[in-house]
Amino acid sequence: MDRIRIVGGNKLAGSIPISGAKNAALPLMIASLLTDDTLTLENVPHLADVEQLIRILGNHGVDYSVNGRREKQNEGYSRTINFSARNIVDTTAPYELVSKMRASFWVIGPLLARMGEAKVSLPGGCAIGTRPVDLFLEGLQALGADLDVDTGYVIAKTKNGRLVGNRYVFPKVSVGATHVLMMAASLAKGETVLENAACEPEIVNLAECLNAMGARISGAGTPTITIDGVESLSGARVRVIPDRIETGTYAMAVAMTGGDVVLEGARPELLQTALDVISQTGAEITQTNSGIRVKRNGAGISPVDVTTAPFPAFPTDLQAQFMGLMTMAKGKSRITETIFENRFMHVQELARLGAHITLSGQTAIVDGVAKLKGAPVMATDLRASVSLVIAGLAAEGETTVNRVYHLDRGFERLEEKLSNCGAVIERISA
């Protein structure tokens with residue numbers, strides 16, 4: 001099993017290209033199931049989750065080509081991929097595929113809307129709390145779907161061959177359920193109004209994609225989304241937005257180690273709250289013609305309290321990284337997690353590097369230390385794993401991060417990007 005070796009203490013300097021957002025690419029890829037024309041997606045990152053979803057879509061009969069050919073492309077970073085779901089051969093998403101990645105459950109919406117039926121295994125992915133799919137199922141039922149859960153599968157069928165538009169109020173904000181219902185309602189009969197919908201930039205990117213395919217969606221990016229269903233959707237060419245989580249992660253790495261880095265292609269409006277918080281820690285963040293410049297000189301790291309919440313607030317997917325940054329702040333900070341109930345699994349691993357962190361319910365109290373010391377650590381999930389990398393970059397001596405397959409799910413060529421900016425970091429194959 002691969003691991004990453006880091007020798008800390010080096011400032012970062014140079015530029016890092018920001019890849020396409022995984023959390024935007026996955027629903028756009030799934031949207032290809034809604035049409036028998038070709039959907040071309042630009043700026044798709046080369047990640048384990050993307051490759052897994054390609055396999056899942058292939059199981060349904062979706063063909064793909066990367067920049068005009070099927071072979072994987074290793075040069076460059078994000079890619080252009082063509083998806084063709086002209087011939088859906090199977091509406092079942094089996095456990096052995098879905099269990100490896102939670103977002104693959106989302107195929108239930110497009111399959112149900114276009115084919116009138118779907119049988120999808122209950123999902124897997126990062127083991128962060130329970131993350132139930134109740135909202136997905138309630139929403140699809142509101143659109144007229146008949147649902148049954150049997151032996152770990154959700155079996156869904158439409159009445160009279162087509163979903164029917166309706167008003168649905170999400171009991172709590174859910175990005176995944178908003179994605180699924182927006183896709184499903186695009187082919188439903190009549191108007192659907194989604195209230196208390198997620199407002200994340202990835203929702204807006206999906207709405208832009210669906211509208212380019214011929215859907216009639218308004219209000220994406222606000223709590224109320226209106227979808228006027230159409231008979232069919234066509235192909236389109238759409239660009240995946242830059243990854244705001246990757247942007248925030250590298251910005252925090254610079255804030256922690258010091259240095260001066262331009263994050264090429266980053267869009268500040270996608271994570272303004274997080275950038276404001278990073279600025280409060282003492283980093284200088286400015287917009288450039290090509291992205292965002294992050295700079296921190298010799299001044300220490302100031303402690304800042306944060307609470308995770310849905311967009312536009314501080315994102316839960318940056319909580320672990322920010323905790324890594326706060327481990328070396330000059331004073332105490334409080335980090336409160338409101339999205340997931342079990343997202344502090346990185347605390348004990350940061351403690352192995354010398355961090356002082358105590359937990360009180362859903363709040364972590366971080367008492368900053370003058371220095372961290374390298375040690376072997378174990379990644380527990382995607383975002384926790386990169387928080388250990390950030391901490392390792394600033395720690396004295398050598399840090400080894402094990403279970404880096406978590407990193408490969410969400411960060412494109414991370415060690416290469418950091419190494420190009422002066423970090424001493426390498427992947428060691430088992």
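Heads up, the Cβ atoms here are built off N, Cα and C, so glycines get one too.
What Swiss-Prot lists as phosphoenolpyruvate binding site is Lys22, Asn23, and the listing cites sequence analysis. The UDP-N-acetyl-alpha-D-glucosamine binding site annotation in Swiss-Prot covers Arg102, Arg131, Pro132, Val133, Asp134, Leu135, Lys172, Val173, Ser174, Val175, Asp317, Ile339. Feature annotation from Swiss-Prot assigns active site, proton donor to Cys126; the stated evidence is sequence analysis. Residues or ranges marked as 2-(S-cysteinyl)pyruvic acid O-phosphothioketal in Swiss-Prot (evidence: sequence analysis): Cys126.
Around Lys172 (UDP-N-acetyl-alpha-D-glucosamine binding site), the C-beta neighbours below 8 angstroms that are at least 6 residues distant in the chain are Leu135, Asn196.
On its own chain, Asp317 (UDP-N-acetyl-alpha-D-glucosamine binding site) has Asn23, Ile245, Arg383 as residues at least 6 apart in sequence with a Cβ closer than 8 Å to its own Cβ. Taking only the Cα positions, the spacing between Ser174 (UDP-N-acetyl-alpha-D-glucosamine binding site) and Lys22 (phosphoenolpyruvate binding site) is 17 angstrom. On a Cα basis, Lys22 (phosphoenolpyruvate binding site) lies 13 Å away from Arg102 (UDP-N-acetyl-alpha-D-glucosamine binding site).
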